[in-house]
Each structure stands twice: as structure tokens, then as C-alpha cells.
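**Student:** Sharing a structure with you now.
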There are 2 protein chains.
Amino acid sequence: MKIIQDGNVTSAKGFLAAGVKAGIKASGNYDMALIYSETPAVAAGAFTRNAVRAAPVMLSELHVKSDNVQAIIVNSGNANACTGDEGYRNAENMCKLVAGRLDLAQDAVLVASTGIIGVQLPMEKINVGIGHVVDKLSQDGTIATKAIMTTDLTEKNIAVELEIQGKTVTIGGIAKGSGMIHPNMGTMLGFITTDIAIEKSLLQRIFLESVDESYNMVSVDGDVSTNDTAIILANGLAGNDVITSEKDEGYDAFVKALRFVNQTLAKKIAEDGEGATKLIETNVFGAKTVEDARKVAKSVIGSSLVKTAIFGGDANWGRILCAVGYSSADLIVNKIEIFVKGGDAKIQIVANGAGIAFDEALLAQIFSAKQVEIEIYLHNGEAVATAWGCDLSYDYVKINADYRT
Amino acid sequence: MKIIQDGNVTSAKGFLAAGVKAGIKASGNYDMALIYSETPAVAAGAFTRNAVRAAPVMLSELHVKSDNVQAIIVNSGNANACTGDEGYRNAENMCKLVAGRLDLAQDAVLVASTGIIGVQLPMEKINVGIGHVVDKLSQDGTIATKAIMTTDLTEKNIAVELEIQGKTVTIGGIAKGSGMIHPNMGTMLGFITTDIAIEKSLLQRIFLESVDESYNMVSVDGDVSTNDTAIILANGLAGNDVITSEKDEGYDAFVKALRFVNQTLAKKIAEDGEGATKLIETNVFGAKTVEDARKVAKSVIGSSLVKTAIFGGDANWGRILCAVGYSSADLIVNKIEIFVKGGDAKIQIVANGAGIAFDEALLAQIFSAKQVEIEIYLHNGEAVATAWGCDLSYDYVKINADYRT
């Protein structure tokens, strides 16, 4: 597997993209993106588990079932959430407008939105923007990458290529995150394109498993958005024999590469959490079940007290053990061991479920690194999990206390 | 029912208290409190649901079963949590030292601790402090109120008296909260004393129900402490006939008064959350079950995005509906109505599960009040719940980024 320099959703064969400034964002920044496959693709999607679902989520959940998906239209600046029937019709109209311009069936178009909640989309601007974004489709995906961002500070993209059955298969993706990122996909959007030939139901299973190991293991602030959406399109242009089962040649390599792509984007989301100054990775070992391992990893990564301690470089390890304790996982407390890593240093801070003597200065130095890793050994089974998050800083409060102005 | 001006744990007949500076806190502030009943009392307690339980929690859970509890020894500045066998022996020694000084059985003494996690108690200082605090026992409970505080900015105390069977019954309490306060009691300590005569198992049931409607409905930051403890002592000196069933005269009045005492302390905890600038109360109506009502109320009160929006006076109502959505309660989204109240103003912001037009300036004014109320009508049943929280400010981050220094 090879990483493609500056790769994104147009790296795989047959995919085009574009981004425009449609005037949805008050800032005047890029706010509309289109991803397009020149040939029909099989699609799979994972959507928010929030009971309050934005209109584009409800609609894309229907359209993703189509056997011939070819486009994803995305706007930032307005989430089209909590907008009732009018919002749903607007989401339908977005698909219809794109389908008309590209001569596709309406359900060949998926839609995603992110931004402010509870305000109707400015449909005249959307209409004009769709005309422009279709005209601008090209093999350059960089503007589309920018156009899906909201409070993100960095662009999030990755692409890899690998050989399957003697053919070059490419997987590329773009994502946006920042606030409201939490286990069960908090507003994060992720769009993956690949030219592998693969059977639809198999792709759906692989993709959901991969989402569970990547975007669903990221937490910025514990809130779960109304709009979270992750979609993959696979158009088959790599020319491999269609993969229909896990026994097929290339299945394992594809699963691994897809996981790498999703986890890379997930980490970029965590690293760029609102106000974040550092990336925190929590690795849990020896849990009774995978579910338990994930609960512990997410509980630690989601703790405001752990996050502020790491922001401040404060060696308050007890908060980590405390967060393990309230994860509701099955635990044998007096077996728990915890290590922390940062820069080149690694030290043990908890043994047998209790604090042990350690070099305070070294721990403070570890917590001051740009990337802090927490390793938790539960000694209660074989399951493992990893979660990613960020510290909680003054800037998180600043950004969110005054988001709309 | 009458509120006793400046009442606290010594308001009820036969209760004494004291507080001293034992040198546990680096600041030199009051850090040890003793509450004492001159006659044996029936006791009940509610303790943290964190799997990682501090030594004093484990020990008090045992001692609270005794039929003759007479004292509660409390220290602040050190939580005696994650301290292994040595920590447990130290908690036992605290009870033993108090029991020796007051000539009580060891299990007549309960113990609670709050403060830094993972550091052994300074037992020499504790030993000397216990000598002093026993000597200082008096009918003045004000120093005890101060001595249980950590990062609290305000003292939390209340007492009421009511008439039961022609006798005056008094209920008083003190509490500490501030950081780490969350549904399921995050470190909060609450100590209630009353002179009512009541049967032990009935008191335990009433007290747990009351805790579920008060301390367990408070959230500051979503973390659940290792040390949360709420204890009630009832010494019977009011002279009423022992209440043994809910049919007894005075039962309802006592339940109501106890709820008032616990909810008053819970609100004081929310109001004084670390960095809080205002109190937020969420009232949920029309839920399918009480559990659902509580889930929704806690989800909204716990949302970092709702909390920062209210801190900033930003009328971002969509975040409230979003937090209702991820509560995992049974919902009919298009029936949900939401109102907000602050100062003298009240307006509706959500109808039929979607935003409606409202006076933005008025909403911003409401969010700027010192006390903001959110009313959520689910129209899905009859159950109701109330939760209390606070906004999320820069100061929360400041306090917790640098807690130990």
C-alpha cells in the first residue's frame, strides 16, 4: 500500500470533484462541493444515531440503497436540520437539481449538509451554486476538500493505492469535523471514493465495520450531531474481478487499506477539534469484549477533566482511572495498569488499580507533547480498541460561546 | 414547612459539628469536618456508581448498615481514592480514631473524603486534626460547612422545620460540589441530619428516591467522581412516633421536606459549578417514562454545546433539540416543543420538532439572565423530570487545566 501525495476523492479512476462559493456562508468562503463518478457506483453509508435527523440524512439513507449512485452534493454553512417538511423538500430539490444537470436519476444523487441548525436553506443561492459546481467538475479535488469545512482549521484528505489481482486499486477520501464530534459520529462528514469492483452488500458491511473503528472512536466534545454522514462510492474502474466474499483475493488488503484511510481522516478530525492544541490517543488492551474496550477508550477520551488536565500539562493521572471507572465496562479494578506516552517518553502511572510513584517532571513533559498516548491494560480478556480525541482549551469555549456571530 | 435562617447540619436536635484546619490542603484552609449525633441515629447513604470507588466510599457503605451511627468524619484536600490497601486502612483508621475519641463502636462512624486522587492521606496530620475537631464540637455548624469545600466558591447549607404529629421536626444539610458533578453524583458530598424518628429501611428508600430527584439530576462537566457520597442521619429526638410506613401521619410531609432540602443543595451545587456564570434548569414534560424524562433533562443539561451557547448568550436553540435527540429516550420528534425562560421573559423556540420564528433579541436577553430555564414538552406520555446544570466558561478550563498547582 502506498500513500498518494496530496491524494483525495479524485485520486481513484473516474472520479471528478469541484467546489464553489455559493454564498451560503456569511464569510463568503467555499461552501458547496460536488463529488461525481463518471460511471455508476455501488454506495454504502453510515449516518448519525441522533433521533433528530437532518433532512439530508433522511434522504441520503434512502438514496444510498440505489444500485447506481453517481454523485454526492454537499453544502456547508447550513445543516438543513430541524427544518421540517420544507427542509426535506429542499434536500430533495438539491438532488433533483444535480440529477437534472448531470442527467442522472434523482436517487443517484446523495446529499449532505453541515452548519447552522434550524434555518431553511437559501434555495436560490443553492440553485445557482449547483449550476456552477457542475460546470467546474475536474480531476482536481482540492477545492471540494475546502468547501466541506466549517470551523475546521486544516483540510482533511488522504488517498492510497494498492495492488489487487494485479490491478491498481485506489481509495481516497476527504472529511470535515471540528465541533460536535463524538462516539457515534458527532457533525462529521466523510466521503470516500474507490475504483475497486465490489459487491454492494459486502461493501456496506466492510464500511460500517471500518466506521466503527475510526469515526465512531473520535470525540471532541461529547455532542452527537444531527447531520453526521460517512459515504463510500466504489465504481469498479480498477478492473479487478468483483469482490463478493471475504475469501476473494484482495479482500483483506482492501479492508486494511480502507481502515487506514478512515482512521487517518478520523485522527485528523480529532487533531483539529475546536480549540485543540494536541491529539490524544487512547489504546485499551485486555478488555472482556470489544464493546467494553470501546467504552473504556471513549470514556477516557471524552472526559472533560482528562482533556483539561492534558491541555494544562497537569499530571493528574487519577482522572484517567476515574474515567475508566465510570465507563460501565466490566472491570477488575485492582488489575488495571495505565501508561502514558508522549514524545520519546513512556511511563507507568497506575498499577493494580492504584497510583504508583513516578517522575512527576517526566509525566508533565509527556502531557506537554503535541501527541499524547494513553495505554490502558484491563487484564480482563483479549479485546482491544483505540479512540482519538483532543484536549479542552479556552478556545473551545470561545468558539462555541459565540458560534453564530 | 419553614426555612431556618442560616440553618445547617446542627439545626436538628442533638446534632453537633465542627471544622478545623488539619493541614491537608496546601492552601491552609479548613479541611476537616465532624458531624456528631448525641444519640445513636439510623443512617442511610447513596454512593458513587463509578466502578473505581474511593476507600472511604467502600468503608462507609459497610458502616451505614449499622443500627447505631453517630458520627461522620470528612476531610477535603485529599480524596483517598486509587490508594489501594493502604488507603483502605487509612480510612479505617480515621473511623477508629474518631470512635476512640467519642467512645463509639468503629462502625458508628462514617467517613467521606474529597480532593486530589491517588495520593495517600497524611495520617499524622489527620490524627492531630481528629483530636482538635472532636474538641471543637458545638451547635455551630458553619465551620463544618466551610471545611468540606474544595473549589466551591459558596457555602451550601439549608435547614427547614415542619410539624409532624404535633412535634417540631427539623431537617438540615450541607453539601459541596463544583467540578466532576454529573448524573449519578459526580465529587459531590451531601450530609443531611434530622431529628425525626423513622425506621431505617424506610429512610433508606426515601433517601435514595430523593437523591435520584436531586443530586443525580445535576451535571457540571459529565465526569462521575470516585468519591460521591450522600448520607442522612435521623436520631429520633423530635419525639414523634416512629414512622414505619408510608401510611403513617407525617410521612408525606417529611418526604416533601427532604426533597426540598436535597433539591436546594443540588441547585446550589449546579449554580456553583466550576467556572459557572449562571444556573440552567431543564424541565421535561410528557415523556413516556420517568427514565426517559431524566435522560432528556440530563442530556440537555450535559451538552457542552448548549452550555457554551448559554454562557455566550448565543441563541443557538438547535443545540438543545440536538441534545434531546441523542438522549436515547423514546421520542416522536415532530411533536417536540421547546420553550426558554429567563428573567421575566418566556418564548417558544421549537414547535413540531422544528425551529420557529422568534424574537432573536429577546432570546439573547433570556440566555443572558443569571438563571435560564429550558422547558421541553415531548407529548409522548405523562412523565416529568428536572435537571440542573451551569454554563461552560473559560474559567472551567482554567480551573481544571491547572488543578493541582
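Backbone N, Cα and C atoms are what each Cβ position is placed from, and that goes for glycine too.
Per TrEMBL, the features are:
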BINDING   B:Thr150, B:Lys176, B:Thr187, B:Glu274, B:Asn400, B:Thr405  substrate binding site
ACT_SITE  B:Thr187  active site, nucleophile
**Student:** Any idea what DSSP makes of B:Thr187 (substrate binding site), helix, strand or coil?
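**Tutor:** Coil, per DSSP.
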**Student:** Rank the binding-site residues B:Thr150, B:Thr187 by the number of other Cβ atoms within 10 Å of each Cβ, and give the residue at the low end.
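**Tutor:** It is B:Thr150 that, of the binding-site residues B:Thr150, B:Thr187, has the fewest other Cβ atoms within 10 Å.
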**Student:** Does DSSP give B:Lys176 (substrate binding site) helix, strand or coil?
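**Tutor:** DSSP call for B:Lys176 (substrate binding site): strand.
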**Student:** If you draw a 10 Å sphere around the Cβ of B:Lys176 (substrate binding site), how many other Cβ atoms fall inside it, taking every protein chain shown into account?
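**Tutor:** There are 29 such Cβ atoms around B:Lys176 (substrate binding site).
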